[in-house]
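**Q** What follows is a structure written as structure tokens; I'll ask about it next.
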Amino acid sequence: MNISALLTSSGINTAVCVVLFSLYSILRKQPSLVSVYFGQKLSQVRSKRNDPLWFQRFIPSASWIVKSWEASEEELLAIGGLDAVVFLRAVVFSIRVFSVASVICLFLVLPLNYFGKEMDHKHIRNEQLSVFTIENVKEGSRWLWAHCLALYVISSCACILLYFEYKSVTKMRLAYIAASRSQINHFTVLVRAIPWSREESYSVRVAKFFTDYYSSSYLSHQMIYKSGAMQKLMTDAEKIYNVLKSNTVEQHYGSRLLRCGFCGGTSTSFKILSPEPENVRTTSLHDGPDLGKKECGAALVFFRTRYAALVASEALQQPNPMTWVTDLAPEPSDIYWSNLYVPYRIFWIRKIAILVAFILFVTFFLIPVVFTQSLVHLDKLEKVFPFIKGITERKFMKQLITGYLPSVILMIFLSIVPPIMMVFSTLEGSISRSGRKRSSCIKVLYFIIWNVFFANILTEAAIDHYQVSIMKLGDPKTIPNQLAKAVPSTATFFVTYVLTSGWASLSFELIQPFPLLCNSFYRFILRNKDDTSYGSYTFPYHTEVPRVLLFGLLGFTCSVLAPLILPFLLVYFFLAYLVYRNQILDVYVTRYQSGGLYWPIIHNTTIFSLVLTQIISLGVFGIKHSPIASSFTIPLIICTLLFNEYCRQRFHPIFKKTPSKTIIDMDREDEHSGRMEEIHHQLLSAYCQIKSESKSSGKSLELNCPETEVNDKETGDISRPEDPEAPVNTSAQPP
């Protein structure tokens, strides 16, 4: 791949970004799309609007960029929660580290790579990207010390910034815990694997157990009931009914000549249903069979103090650890009910099955990886398949195939990974929505690091050495050398991958194509113009956190070996900083959060990237016969691992356990202020297993006492109070 092919890919992606960014600045001004681009605002108020036709609605503008840039961290924390701030901290950390890496590598390492060998250089557009990598440095070169120095500077800068970020995020998490006085989940323990008895119901057993062993702190409990497929169908049917019923209040459907898209009848052929009388009886889920028969072996147990609940959740209740399993309960809006009535004893079988399925899925995904990597190396592929020479005779076609098509194909295949990993995490038995999303985030991260980074490197090594012997790759003595050779060669693909999967993905994140299609379906097919009924989305941490960390891995591993990737990475992180801030402020709604638990994932992945970079550089220095650079790299690896161990001992426990001192201080303050009785009263009606409200009657179908309603879609999070550019005339009313 040459510079011309890289410029072709860069030009295509730049054009896509400019078009989609401009289109977004127009679409966000349209009143009919307020539910797509201002979901956070709709979650705060109910708005009445009109649709004035004004000229500026169709002119692109950059006002959203200014608003995103000017938003303070306090505003982001109030709207998006601690998880959103932690995610943006990771983006800012990447900008700082790779800014330093760009200055060092572009002005010191890149010229040394380019002039590393005595050769006749072509015109810059026709130069192969390999001449800008460490591959072009001759063996035994005395200039390799510069690469080692750059590696020291980048690693030191990364560790220093990581330390201060970890320290700052730890303080924010402690402040988050101390400020969560209204969170009743601190008083609640989830108990699973309750032993079954013929003589007593689950509820009686729970009451007896906690009265005996926690008599001074036990308050009450709430059983969890089996909710089968029939109940889910009833709930979904009522939601659809509410959507359709909102259309019946519209008495005017336009001209008689306007025909329905389904049956061909005129718009006036629809019968207007009269509203239901207010005194219609609402059927309760409590009617019918005895609820005792619907109880499952799980319950929510409420305690008088936070400290008592913390102790009960951490303690082993029985000598048999498979019974009376206790965990601190998630928040009511975060709890994932579907996994609570699944028998606890089968989760270990599920986890083994998920692990096997994950391995098989990763293995299957090697097929598109090998295919995309082979497109990058058309010159080598032509030797194996001579018939493709006719396709690549045209220069533009060859540039398009090698510089743009591989990363697009890989990105399309990768789009199916997050939903599958979300299903895997659900089946594993997570008790909270945030925990399920965090588990999915880790799986997606493992998957893309292996398939995008390691699988591409191994495929490159296999293609490069197919003429000798494929078994050579299996020789343990040659694996380090082959990897050290393959990483600089694969850097050309990684550059195009950053352009396509990075720049273009941010453009599509702004446009929100899936919510846009849903909005069109609701508005033009179902004829529903109530923006507040379209639903909202939570922030997709399980897709965006792995993407940012993968680009960080590519940046670290290629910074010294192939520094040409750094400018494209910096552009991506700057755009990501603006786009994600805008999405957090305007689009996504925060219904639950983990309290900053994504930061240990970010920290550990960054350390892994640093150590992997140092090991690969050690192998490259060995291949280039530079003993001084090799010997100086070993202490750097040791120091990085020691730094990680210090952070693990100093900061990580805060993200695993809750400090007793903080909890006890909160209990004492509430007891002195008299708020404890009010909290105890709230506990009895806080958790609702199933609730579905009818808008027409104002009554509800209830199971297990609720006062909270959760409407969650696994993709988005956040809000902003007022936006001058928002296309609405609001007469704000409290929800």
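For all residues, glycine too, the Cβ spot is worked out from N, Cα and C.
Marked as domain 'CSC1/OSCA1-like N-terminal transmembrane' by TrEMBL: 5-165. Taken from TrEMBL, the feature transmembrane segment covers 6-27, 86-110, 143-164, 352-371, 404-424, 444-463, 548-580, 601-622, 628-647. According to TrEMBL, the feature domain 'CSC1/OSCA1-like 7TM region' maps to 350-621. Per TrEMBL, region 'Disordered' is recorded for 696-735. Taken from TrEMBL, the feature compositional bias 'Basic and acidic residues' applies to 710-723.
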**Q** Sort out the residues at least 6 away from either end of the transmembrane segment (86-110), same chain, that have Cβ-Cβ distances under 8 Å to it, and list them.
**A** 76, 132, 146-147, 149-150, 153-154, 157-158, 161-162, 165, 168-169, 172, 539, 541, 544-545, 548-549, 551-552, 555, 559-560, 563-564, 566-567, 569-570, 573-574, 576-577, 580-581, 584, 596, 598-599, 602, 606
**Q** Across the whole of the domain 'CSC1/OSCA1-like 7TM region' (350-621), what does the mean pLDDT come to? Round it, please.
**A** 81
**Q** Do we see three or more Cβ pairs under 8 Å linking the transmembrane segment (143-164) and the transmembrane segment (404-424), pairs being at least 6 apart in sequence?
**A** no
**Q** How about long-range neighbours of the transmembrane segment (352-371): same chain, 6 or more residues beyond its ends, C-beta under 8 Å?
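**A** For the transmembrane segment (352-371), the nonlocal Cβ contacts are 409-410, 413, 417, 420, 424, 427-428, 443, 447, 450-452, 455-456, 459.
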